[in-house]
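Trainee: Let me begin by handing over the structure; questions about it come next.
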Amino acid sequence: MTEPQNKASLEVARDTAFVADDAGRDTLASIANNAATPAPETCEEDGKQEPVVSSAAGKKPHRSMWLAWLHLFDWYPKHYPKEERRLLFKLDCVIMPVVCLAYFIKWLDQVNINNAYNSGMKEELGLEGNQYSLFGTFYNIGYMLFEIPSMMIISRPKLARFFMPTMEVCWSVLTFAQSRIRNERDIYGMRFLLGVLETPVSSGSMYILSSWYRGDELFKRAGVWFVSSNLGSFMGGHLQAAAHAGLDGALGLSGWRWLFIIDGCISLPIAFASFLLFPGIPSGNKPWWLTTEQHELAKRRMYDEGVRPSRKIGKRMLKRVFTHWHFYVAVLTYIFFQCSSYVSGQMILWLKDQADRYGTWSVEEINMIPTGVQCISIVFGILATSLVMVYPFWAVMSVVAGVLFFANACLLVWDIPTGLKFTAYYMLGFNSCVTPILFPWVNMVMKDDNEARAFTTGAMMTFGWVFFSFWPITVFPVLEAPRWRKGYIINTVWVFIWWSLFMVGQFFWHRDLKANKYDIKLEEQLEAKKAPLETGPGSSEHIEAGDEKCPRLEVR
């Protein structure tokens, strides 16, 4: 059969399958043991049937609550057909490294300003007062201004593939430029631009992952993706220690300036590689590393999961966003969490204070000891996101919130044994468990509306960073560091509030599930009944297939 005929037949089978009833879909899935489902419709002219690629994962196996931890290692379930496991493995080999490395260099290039400040930049540039806090403020302003537009661009099939790699290249060049800063005004301007350029990476990466992976595949991968940020922070501290020890004064440059050069050398090759590998979203053009059959299977998997194809952005999209609970619960939860998470990266200020007062720690130790927080973040970030697939969301999030509440309460008391204070700072690493659970959950409950979930996740980041931009100055001013009594009081309250909001979201979600509000196939069947399909010889639903014409079922 010619290529146009094959393409037309595939479209006939796929569109017909989209409006099949539940029994029909079950029958198709049972036939598709080799990921090739015979089309239920044929062209009368040739009487032939062509296979349509379809997900045939089947029913999930029952897992014992006592053996749920084994799910940590179940990345390619045996009840998936061979072709689907092969596709999943290929996605892991390409998409996961691309988004993880992007998030890694984002945090590597973001935290270097903190390491540089505590490794000689403050003294060399004569920085004083709350200028350190303003570095983050200008970064956050750029971030919040461009986050929602960035997410809208990522949701467009033709633009998504090239947008994030382009931004990565630009911020890598800017990272090099930071090695030449002369005063605080240079820092403010560059941090603002970095905030703009790094907008696609956080919520954009999660949007991309949720566009290629099913819900039961997403959370473990989201955990691995998110802890790459902790790995970036971890590496940043060690790189600064190495730069200060081995490169300070080389070619007339301070050790902290060499840190920006090293970070740029790491970031730029990764950014260029993204142009070759970044896939965009499934509804866009086929990536070169996927076969046509695999690309069709990837799109069908997400349709079976309930993910709608991209639609137009306009007033209807905004109405869908603001008339449902998802937007308000998601945005408020993230705002309170984001503000409460600030202290997780401030252990370095306590160590520097101890060093200034008592000469307790060297510059290398000040940069390396806080990396223990990142180690905790990596381990428990992966663990928590794996467990939410076998234990209830509310249970895992309740444990995480309890740990964070205890850590903030310990720092509020402050006059505690040094060992307990170290423990409290390290326990703040549990903050890494929240984002890779919250964002995939939001993407999952809004999977039936691509544009609305892109807008909502963008709004989460935007409003989160709006508050975060002034939060350090008003609640955690550097002049009061490291004992922020007012800050720790507010933090303990904020942890309780974001946990409560998440519980409210769980209630609404389960209520909607019982009402079948996320069944897009059912919705489309109802729409199809309201608008009868025209498949006559003169209708627009005919597909050219060589010299023949085959009727195409079109869902409206």
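Glycine residues also receive a Cβ, built from the backbone N, Cα and C atoms like all the rest.
All annotation found in TrEMBL is predicted automatically rather than curated by experts.
According to TrEMBL, the record shows the following:
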COMPBIAS  541-556  compositional bias 'Basic and acidic residues'
REGION    34-56  region 'Disordered'
REGION    531-556  region 'Disordered'
TRANSMEM  87-105  transmembrane segment
TRANSMEM  132-154  transmembrane segment
TRANSMEM  188-209  transmembrane segment
TRANSMEM  258-278  transmembrane segment
TRANSMEM  325-351  transmembrane segment
TRANSMEM  371-391  transmembrane segment
TRANSMEM  398-416  transmembrane segment
TRANSMEM  422-442  transmembrane segment
TRANSMEM  454-476  transmembrane segment
TRANSMEM  488-509  transmembrane segment
Trainee: Sequence gap of 6 or more, Cβ distance under 8 Å, 3 or more pairs: do the transmembrane segment (454-476) and the transmembrane segment (258-278) meet that?
Mentor: no
Trainee: Which sequence-distant residues neighbour the transmembrane segment (488-509)? Criterion: at least 6 residues beyond either end, Cβ under 8 Å.
Mentor: 325-326, 329-330, 332-334, 336-337, 339-340, 343, 393-394, 397-398, 401, 404-405, 408-409, 411-412, 414, 434, 438, 441, 445, 475
Trainee: I'd like to know if the transmembrane segment (87-105) touches the transmembrane segment (188-209) in this structure, counting it as a touch only when three or more C-beta pairs sit under 8 Å and are separated by 6 or more positions.
Mentor: yes
Trainee: For the transmembrane segment (87-105), find every same-chain residue at least 6 residues outside the stretch whose CB is under 8 Å from a CB in it, and list them.
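Mentor: 75-76, 80, 164, 168, 172, 201-202, 205, 208-209, 212-213, 217, 221, 224-226, 228-229, 231-232, 235, 263, 266-267, 270-271, 273-274, 277-279, 287, 289-290, 294, 297-298, 301.
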Trainee: Under 8 Å, at least 3 Cβ pairs, sequence separation 6 or more: does that hold for the transmembrane segment (325-351) versus the transmembrane segment (422-442)?
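Mentor: Stretch pair touches.
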Trainee: With CB pairs under 8 Å as the measure, which of the listed stretches 132-154, 371-391, 398-416 comes out on top against the transmembrane segment (422-442)?
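Mentor: If we count Cβ pairs closer than 8 Å to the transmembrane segment (422-442), 371-391 scores highest.
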